Amino acid sequence: MTNNTTGHVHESHEEHVPPYAVLFIFTACCIGALCRQIMKGWPIPYTVVLIFLGLVFGVFSANFPDVQVYTTMASQNPHLLLTTFLPVLLFESAFAMDVHTFYKMFWQIVYLAVVCMAICSALAGVMAKLVFTYEWSWFVALMFGSIISATDPVAVVALLNELGVSKQLSTIIEGESLLNDGMAIVLYKIFYNLAFSSMTATEIGLYFPRVALGGFFFGLVIGKIVVFWLQRVFNDAMVEITITLASTYLTYYIGEEVLGVSGVLAVVMLGIEINSQKTSISPEVEVFLHKFWEMLAYLANTLIFIMVGVVIMEKALSEIDLRDGFLIIVDYLGICVIRATVLMMAGPVLARIGYGLTWQNAVILCWGGLRGAVGLALALQVALDYKAVGNKVLLHTAGIVIFTLFLNATTIKKLLELLGMSEISDSKKIAMANAVKRVQDTTARTFKMLRTDRFLADAHWALAENVCQVENPYIVGGVYEKEEGEQQLVVIRHSTCPCCSSRVPNQPSPKEFAEMTEEGRLRMIKAQKVSYWKQFEHGMLSRDAVQTLMATADTAMDTKDRCVELSDLNVHWEVPPFLLKLKDKIESLKKMDPTEIIPAPDHPIRRRLYYVATNFWFDTTVNMLIIINMIPISLELSVDEDVSYFIVLRVLNYIFCSIYVSEAIVKIVAFGRYYFSDYWNLLDLLIVIFSLIDIVIDMATNGATGSFSPAILRVARVFRILRMGRLLRLLKTMMPKIISMINDVIHHQLSFGYDVGKGFIVGEEEVSKHIHDMVADKRVARDLKARSEKGRLDVVKSLGLLQKEYPGIAISVKTRQSIRSVLNTAMDAVHNLRGGGLLDETEAKKLEKVIEVKMKRQLSAPSYIHPPSPEVLLRSTVWLEGMDEEIIDYVASLAVEKIFDSGDTIVRQGDKTDGMYLIITGLVKMIGVSIPLKEHDETRLGEMNVQTDYLCAGNIIGEMGMLTGSARNASVICETTVQLYFLSVEKMEKALQLYPSLTESIWRVCSIRIAVPLLMSHPTYSGWTKEKIRLFCEKSTMVDLPKASQGQTIFQPSPHAVELVLIHGKVTCVSNRDTFEGPCILPNCDERLLVHHTDGTSPRILEIQGVESDSHLGTTRLQSITEEDLAEIESKISNANSDKSALSATEVKFRGKAPPVNRALEPLPHKYKGMPLSVSLTPENDPTKLTDVSEK
């Protein structure tokens, strides 16, 4: 009993197999991670080192059986390479590829991967048959040729991307590899079957198109399904990653094993399709999804190349002799010559399609055709199935893989340098220099900020600055010079004067100028693409809109000296003409209610019939009977006349026909001659006539079939079919629904177009402020900025005209974007609360889920929203928001409606401001001419600047002019018929006197509007979006300066102030006596300012605060202190200081009405603002407070 039990346990232990494969996989991953960490900066490709380590593994496993058990998985199952790792590599390459470039070069890639690949395979097979002494058959030789023609340029593509070589070159190499692998596998299977089994010519002819085209279309269909699924998932990373991963392997396996098509091509097309519809992936998930697939591809490449090295050493090189080594060298040289010859022959074709092909790119394409895992896996399969032939096939394949990796991959960088393809253009050097300078400025500001931190006061700042010094990674072939007044570094070449030996800067040559212009154009379009994608990530652009804009930008990049223009975009908001014609035709056929156009007759019987015919239920009942009538008609058409119930069907037809005749008689009697003036009534009458003819023919042919000719019987059959025409009457009822459907299509198209145009305008506004940083040459920068501004204005005008025609479309898009902006802010607030520890993870997720549901619901918002009435538009003015209903009613009562025709001038520049205009409908053009008095570029000093813009419904003209009493600074001309509300200056001044809060509200709105462009042009906020800057400005208050007719006062900013924007007037910094005139950003927020009062007006300052605080904190303490008061304060501080005492409190006594208050450095009550005050200082026995109080 004991022996049996022991034997059973011993047997179960023998059946247990240790996880050697798992140990090998994760050991290989660790080795790969170690190599990647150590190899940073090495000139050797990562995959070359991995295959070398694999060879070392192979040496040990071939000689030590204890090691071989761990590497068995690499050499025993070649399908593992193809079925486990290949789908990941194919999908990742297709998913990460630039889709526009791929489709642009598609026919080049197909020509290389199909035609050139087939020729290379055939020539390699011929070479193997004629040169090798292995007595292979022609089919075996051609099979070998297809195996060694499969390229795997992982190392080359990685190097090209690292060096920044043209995207076209890396795309054509990688794209050829993707399709090349599928082609190689197809050819391999054909010649494998011909060599070792049987396959007829017909089977070959059917096999190739079935596998190749079938894989292509199968992958495309699966891609469409996956995209459809992903579009219905909102911000769920786990679901979206699972969908892409599962679809990749299912596509490969179903294609290969179930449908018998090319799984390689199917996965490639799946990846390309998902990549082209990248917006189907949630923006929050897209970056993480790319990282996930990059990680999978990295692990797959690590395992593949280590396993390839093991296989080569264990299976191929273990039995190599001198003759085989010589033949491998010959084979390697032969395939290099063959590839070069084929590319040379294909050059004229490749140069005329896609982007063309230069001879330098052709050389890299030839030398970069590395061989890798796919060919080795196919060779290993042959070696396992037919050892005699397969060992030599595997040996030569392994030798070619080693040669291409160790020779081609390691020398490709030197070849690029030799061809001059790795040189960095001056434009890129300048861009890098500017970027480095901007980073250095940022670090300098950060150091300045950190030095004020009391906890870091004793840090070793010299060491920190030395460590944090950011150096330029490019070696610039020129002299850096910082021109005075410029914030960017420029590469300037100099010449030496032969007379005086002085260095003179050179002007760029025409070629260099053209290169700078082209480089600047490309950088501008790339910046636009970044802006479009950023808008999509923030939910401000729809999926279709961002795809359209990205595709338009890519197309513009392909054409030299081309930018995105109105002609590229306006097709998206133009309604197809056939839809408008169809809508007009249907609306002309739609009949109004008879009671509205046909008078009731005087005869009592006709009047009674009139009320019956015009009753809603009369037509409804007839329509229901028509639908019921379709049942016997269908039965009568589908059965023979000899069935027992056919007579019932005939009788039913008679009954229904009598009902239709009765209806026609009722309407004819009721409507009289009006009956025949309506097309629908004539159609009804025609149907009735056909029904009567049908009954006559039916009665005539009933029971006498043999006495009639077949032609008459066919006519009877036709009239039975025509009974179905009674359904045409239902079209009358469906007309409103059809018109509504057409309107929905039109509105959707227009909404999509408006979305595209709005995204383009926002992109141009964001890019315009960075153009001077993209290009060093001022002439190029001015030209690009002018083109950008022209494109923006053209689109603004076109969208304004669209809004005039379809106001509900623009309102829908604007409402949708407003909703998403608010929800984005709410989501950011939740993230900040969680990051600050005010919300737990669980609570934050619940709030995020609530907001995400609203974000998802916002995507299905209607494409048309009816515009509000003019009065509602006036009451929705931003500076009336939050006001009492009394103030709103009063302002609304002041408005006078005016209408201007197209071409009329509403206001002229230089005229006295007579009031404000609120645009209700229409589009106006604003033109302002100014002469710059301060300009960094002295060549433009004194030139006239013409500023143009367009305004549409909801905008207000003349707010600042009314507030400041200045003249009009721009002319306003009507582009269309314009409806406005006019608020005169006299009436508004009275309103501002009655309601002071209205004045502050208008000033704050205008101040934020002025501050936003000033902040956007400031280097500190260069990376901020316009929406973020607007939100930043919302945390602001208007500084309440004292009223004075003349003179000066002192203003101390709040300690919470982050930025001070001088909107109007003049101030002087007390410390350095610098004078500033608005509008401008004041440089220091902690300096006391001397405020200048002139002509009874005070300057206006917008104070932007970085934290939520009392809106008046810090601005009321000294806001009404004159220089006399300040001298009194300083005198008392001096006296207190002489007593070596400190001040911990101030006793503030208001002169006049208010009682004294005693506070310790607290803000004064708001109701005491503006009153004159005196300050008495009370000394205490705490000497540590003296400095703090006196400084404040």
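Here the Cβ of each residue, glycine as well, is placed from N, Cα and C on the backbone.
Here is what TrEMBL says about this protein:
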TRANSMEM  17-35  transmembrane segment
TRANSMEM  42-60  transmembrane segment
TRANSMEM  80-97  transmembrane segment
TRANSMEM  109-132  transmembrane segment
TRANSMEM  138-160  transmembrane segment
TRANSMEM  207-230  transmembrane segment
TRANSMEM  250-272  transmembrane segment
TRANSMEM  292-313  transmembrane segment
TRANSMEM  325-350  transmembrane segment
TRANSMEM  362-381  transmembrane segment
TRANSMEM  393-412  transmembrane segment
REGION    1154-1192  region 'Disordered'
COMPBIAS  1182-1192  compositional bias 'Basic and acidic residues'
**Item:** Feature contact check the transmembrane segment (42-60) with the transmembrane segment (138-160), CB under 8 Å, 3 or more pairs
**Value:** yes
**Fill in**
Sequence-distant contacts of the transmembrane segment (250-272), meaning Cβ under 8 Å and at least 6 residues beyond its ends, amount to 83, 86-87, 90-95, 97, 99, 102, 178-179, 181-182, 185-186, 210-212, 214-216, 218-220, 222-223, 226
**Item:** Contact between the transmembrane segment (42-60) and the transmembrane segment (109-132) (at least 3 Cβ pairs under 8 Å, separation 6+)
**Value:** no
**For the transmembrane segment (325-350): best-contacting stretch of 17-35, 109-132, 207-230, 292-313, by Cβ pairs under 8 Å** = 109-132
**Prompt:** Given pairs 6 or more apart, does the transmembrane segment (292-313) have at least three Cβ pairs under 8 Å with the transmembrane segment (393-412)?
**Reply:** yes
**Prompt:** What parts of the chain pack near the transmembrane segment (393-412), using Cβ distances under 8 Å and only residues at least 6 beyond its ends?
**Reply:** 43-45, 47-48, 51, 128, 140, 143-144, 147-148, 155-156, 159, 308, 311-312, 315-317, 319-320, 324-325, 327-329, 331-332, 335, 364, 367-372, 375-376, 378-380, 382-383
**Item:** Non-local residues, at least 6 beyond the ends, that sit with Cβ under 8 Å of the transmembrane segment (17-35)
**Value:** 46, 49-50, 53, 69-74, 298-299, 302-303, 306-307
**Asked** Residues sitting near the transmembrane segment (109-132): Cβ under 8 Å, six or more positions beyond its termini, same chain?
**Response** 102, 138, 141-146, 148-149, 172, 175-176, 178-180, 182-184, 187, 327, 330-331, 334-335, 338-339, 341-343, 346, 349-350, 353, 365, 392, 396
